[in-house]
Amino acid sequence: MFWKRFFGVLTARNLEFWRDKESLSWNLLFPLVLVVAFAFLFDSDDRTLVTVGVIQEAQLSQEISQREQTEQREQTEQREQTEQREQTEAVASANSQEIFVPELASLDFVEQVIYEDREQALRRLQQHQLDLVIAPGEQRYWLNESSPGSALAAELLSARSDNYAQEILSGQALRYVDWVLPGILAMNLMFSCLYGVGYVIVRYRKNSVLKRLQATPLSAFEFLLAQVVSRVWLVLATLIIVYLICNAIFSFVMEGSYLLLILLAFVGSVCVSALGLLIAARTRSEELSRGLLDFIAWPMLLLSGVWFSLDSSPEWVQQLAQIFPLTHLLDAARAVMFDGAGLAEIFPQIVVLIGMTLLFLLVGARLFRWVGDGR
C-alpha cells in the first residue's frame, strides 16, 4: 500500500509539472539563458594585471593636448619618426576600442577604463581599485604611493613614454569585503522582498486564501499594503542586525551617514516588494511564479554590481543594468559608504527608485485579482 500511494502521488506531481507548460519552459530555457549570458558577457581570454583609469574630459583638455603635442613634436621629431611605425598599429587598435592612451594599447595585460568624472577616478585610485589614472589631454598621470600595482603601472608608462608628468596620491586600500558588503545586503533584500511578497501571494491565491479574504470587508489595497509593510520592516530589521554583527567583526569603511543608508534600504525594499506584487498580480501557479521571479532576480543579481564592478563592462551592459532597482540602490549605498555622499549626491538614485515603485504599484494594483486568471 505504501508504494502504491507513493507512486500515485509521484505520478500526479509529475503530470502536474508536465502539464504546466509555462513552468516547464522556464526550467528548460532559464539555465540555457544563464549559461549563454556567462559565456558571452564574462568569458574572456584577457589576463589583466594592471587597470588604468583614463580621464576623458571635454574640449579644453583636447586643445591643451593638441598644443602640447605640437610643441613636443617639434622637439622630438626624430625620435617620433623612429617610433612611428611601432605606434601606428597601437593607435589604430586604441581608437577602435575607445582607448585613449596608445602607449599602453599594445599591452594585453593592461586594461584601460574610461572615466568622465576625474574625482571618481582619483577616488578609485586612492581606494586601490585602479592602479593608475591618466589624463591624456594634460599629459599627466596619478599614482598611489601605497599601492604596489600603481608603481608597476607607472613604470610601464614611463618605459614607453616620458611625456607624462607624475602626481602622487595616497590612500588606504578598500578591501573587497568592504566593497561587496552592500551587494550582499542588497542581495538579501532582493530575495526577501521578491519571494517573501510575490511567492507568498501566489501561494495564498492557489490555496484559496485570497478567495476567502475577498468575502471579508478587507480591500485589496489594505491587503497589499499589509504585505509590503510586513516585509519591509522585517527586511530593515534583518539588514541592521546583520550589519551591526558584521561591522563588529570586520570594522567596515563608512564615510557617510547611517541615516541615509537606512533611507536607501527603506526605499529599495519598498521598490523590490512592489516588483514582487506586480509579478504575483494574477498568476496562481507556484511553478510559473518562481520561474518569473528567478527570471527577474538572477539577471538583477548578475548585472547590478553585487559581486563585481561594471566599470570595465561594455557600455550596453552598463546601460542595461540601469533597468534594475538594485543597480541604483547599490550605486547610492556605495557612494554613501565609500565617498561620503550626502542626500544631494544620491538624490537622483532615490528619485529613480521612487519612480519605479510607483510604476510597479500602479500596474500591479490594476492587474491584481483575488482569484487569478487560471495560470
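From the backbone N, Cα and C atoms, a Cβ is placed for every residue, glycine too.
Whatever TrEMBL says is automated annotation, not expert-curated.
Annotation comment: TrEMBL describes 24-42 (among others) as transmembrane segment.
Marked as region 'Disordered' by TrEMBL: 65-88.
For 146-371, the entry in TrEMBL reads domain 'ABC transmembrane type-2'.
Residues 129, 210, 227-228, 231-232, 234-235, 238-239, 242-243, 246, 252, 265, 268-269, 272-273, 275-277, 279-280, 283-286, 289-290, 293, 296-297, 300-301, 304-307, 309, 326, 329-330, 333-334, 337-338 of the same chain lie 6 or more positions beyond the ends of the transmembrane segment (179-202) yet place their CB under 8 Å from a CB of it. Summarising the annotation, TrEMBL assigns transmembrane segment to 179-202 (among others).
Positions annotated as transmembrane segment by TrEMBL: 232-252 (among others).
The transmembrane segment annotation in TrEMBL covers 258-280 (among others).
Long-range Cβ contacts of the transmembrane segment (292-310) within its own chain (Cβ-Cβ under 8 Å, at least 6 residues beyond either end) map to 26, 30, 34, 37, 129, 179-180, 183-184, 186-187, 190-191, 194-195, 198-199, 275-276, 279, 283, 317-318, 320-321, 324-327, 329-331. For 292-310 (among others), the entry in TrEMBL reads transmembrane segment.
Positions annotated as transmembrane segment by TrEMBL: 346-368 (among others).
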